[in-house]
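Asks: This is the structure I want to talk about, given as structure tokens.
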There are 2 protein chains.
Amino acid sequence: MSVNSPLPIASDLKPVNGLRLGHAEAGIKRPGRKDVLVIELPAGSSVAGVFTKNRFCAAPVQICREHLAATNKAGLEVRALVVNTGNANAGTGEPGYQNAIKTCDELAKLMGLKREQVLPFSTGVILEPLPVEKVVAAMPQAISRLEADNWFNAAESIMTTDTQPKAASKQVQINGQTITLTGISKGAGMIHPNMATMLGYVGTDAKVSQALLQQLTTEAADLSFNAITIDGDTSTNDSFIVMATGASGVEIPSSGSAFHAFRQALIEISQQLAQMIVRDGEGATKFITIQIDGGKTVAECKQVAEAIAHSPLVKTAFFASDPNLGRILAAIGYAGIADLDVSGVQLWLDDVWVAKNGGRHPDYKEEDGQRVMKKAEIKVKADLGRGAATQTVWTCDLSHEYVSINADYRS
Amino acid sequence: MSVNSPLPIASDLKPVNGLRLGHAEAGIKRPGRKDVLVIELPAGSSVAGVFTKNRFCAAPVQICREHLAATNKAGLEVRALVVNTGNANAGTGEPGYQNAIKTCDELAKLMGLKREQVLPFSTGVILEPLPVEKVVAAMPQAISRLEADNWFNAAESIMTTDTQPKAASKQVQINGQTITLTGISKGAGMIHPNMATMLGYVGTDAKVSQALLQQLTTEAADLSFNAITIDGDTSTNDSFIVMATGASGVEIPSSGSAFHAFRQALIEISQQLAQMIVRDGEGATKFITIQIDGGKTVAECKQVAEAIAHSPLVKTAFFASDPNLGRILAAIGYAGIADLDVSGVQLWLDDVWVAKNGGRHPDYKEEDGQRVMKKAEIKVKADLGRGAATQTVWTCDLSHEYVSINADYRS
């Protein structure tokens, strides 16, 4: 089930000058399924990443961090990414680490690189050993298929319980030249049963220094992948990577109009890819935007938005199309802002003003709330009335189907 | 549905010397249902309370706090409690406050008390005006039924979506005399749809100073009502009240063996009443005990226990009897202990050691995990390996039935 998420069309996905992608069927979990992806980057590229904060981070996440640091320190460049599905290589201890290293070593050998120039990614079952030989055996096939125009297959090859591939392209004019951004993502629950992980990859032909790219990647992640939630669980493998090949020759400065145009484009494509994950959330029947205004800080706005987004009571009310406003107010109340003056809180469902100064709006009629709740896309807006900060979070409802998917997945 | 929760037997519920309880059918939501409870306390009683931290606390909670403070300050005693179900009087603004005051005033008039000597409680739909006339009209009936031996009816009269009444008694020998503790509780989801609230009332004939009683009540609440969670939502009306009539003449000192015997009895009956709420959790099919050892502080143990208890993925795995250990480890990992060294983490399911030093135990077999997961009562124990603190939390699974109850309640 997917809420109004367009299936990406292969021909709409613009190649990113300099990047090539190749997929393979390694048979990690099932034969015949695309489950390995190799991305090749040209010399002169810069790469930035944001990773899970889960203390049980997977071996590949640990190695990504190490390799990004090592290449930056040594003046080397990351030149290849390798992703496998079907196994997360998480909770696998030292053997898991060695398996991820072996993945890098083998791909490096095949592509004439150093180990540190390869970033590894895994998604799938936790706590089971990675069948590294299958990944390695599939690498020649993936390399033989490397093509610039292969984003759709790439999107398919990183799917787990996703019901559809997730990909998008965006082009923006900078200094009279066309800059392309193309990306793919995966993830349906924040963590799947054992199928952990949200992954996002964006490529661009802009030229961006590593430091600036890292700054923009962190910022874009905070406004997109870090602002979506399906069930509040944070995976051991979550990763978001931005790759800038520089092949367009257009250099992005650290301020000014070219900077802002690129920044905006990166945020937009990241949000698009992140929202596709929510729209394809496990069992999702509603796409909910939660905007919290009037906070003292962005952090407290996010805290309130997430309290609403994580409340099983709020989420089941959306599933039932029930304008159960008490549940939303209660979530605002327990979000953890100790000095919140509830008499300053306003609440809207789309255009309907439902709670005024902390209580039911005198003009609010249940049928107006009902009308909004029946829609497939709903905006919840609250104003905390205590500052100028704002934050938006996207989530979905909690349905019978969610319980079925997560209860029945391994049984 | 209730997980192994014994239906209380009226004759097992020991009267508490000095306390009388009377119920009424006020027709607040449905005619003929017990929905008002009055508890009368004798002169010389002390009363202590712990209330919701939700910033959207209900009018009666606000008044309880005010009246407890006012009576303590003025050297008065709380002499009556009045509880209604069917309406939470929450999110009702100034008119809601006035309605709760009116409830106190009317009961005070009937019983010859001052307003401040009455504590009001409400549970039910949020955001709708309290039909205060119905509550007031039912008071004479409740008063006419005041009896010491009326705890079973009292337990029934505070039920909302509870499938069974919750009550327990405990007797303990102190200085050669028998001290009685009897209590009732209600609550099935932390918040119901609109049927908010967890309520707990314990009476005892011990003599306890107000200051000591407040200290013990806070402590007992932290180890019981504050250590259970069904869906992580915190209601606007949650209240836990302990009443000590002193009628036994046995005074509890602030230390020593009599102190410890009373403290232990109060903690045990509070845990019993709190666990009955979890066992009767909305849609619950499993009763889960989560014990976190080896933390630096009790707070961080609780943080980890709650991350596990709140994870929809963990809860659906319990529902499915699926030994999906990765989900539990992932929840420990994202619980927010920034410097957690996962290589020091151990995990057990009942007697089965499943994760050793942060990874799968080499001897762990899935069939052992499966055997435990099939049980109706399961203990999850983790050792964080970084200190001596410990905390236990009780929760239930997340079933289809939970979604049905909360999605369909008002629709």
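Think of each number as a place in line: the chain as shown, counted from 1.
A Cβ is built for glycine as well, from the same backbone N, Cα and C atoms used for every other residue.
Residues or ranges marked as active site, nucleophile by TrEMBL: B:T197. Among the features that TrEMBL reports, substrate binding site is placed at B:T160, B:K186, B:T197, B:E282, B:N406, B:S411.
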Asks: What's the number of neighbouring CB atoms sitting within 10 A of the CB on B:E282 (substrate binding site)?
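Replies: The Cβ of B:E282 (substrate binding site) has 30 Cβ neighbours within 10 Å.
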Asks: Including all protein chains shown, what's the count of other C-beta atoms within 10 A of the C-beta of B:T197 (active site, nucleophile)?
Replies: 29
Asks: How many neighbouring Cβ atoms, not counting its own, are there within 10 Å of the Cβ of B:T160 (substrate binding site)?
Replies: 23
Asks: Please work out the number of neighbouring Cβ atoms within 10 Å of the Cβ of B:K186 (substrate binding site), leaving out its own Cβ.
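Replies: Taking every protein chain into account, the count is 28.
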Asks: For B:K186 (substrate binding site) and the residue listed as 'active site, nucleophile', determine the Cα separation and express it in whole Å.
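Replies: Distance (Cα to Cα, whole Å): 8 Å.
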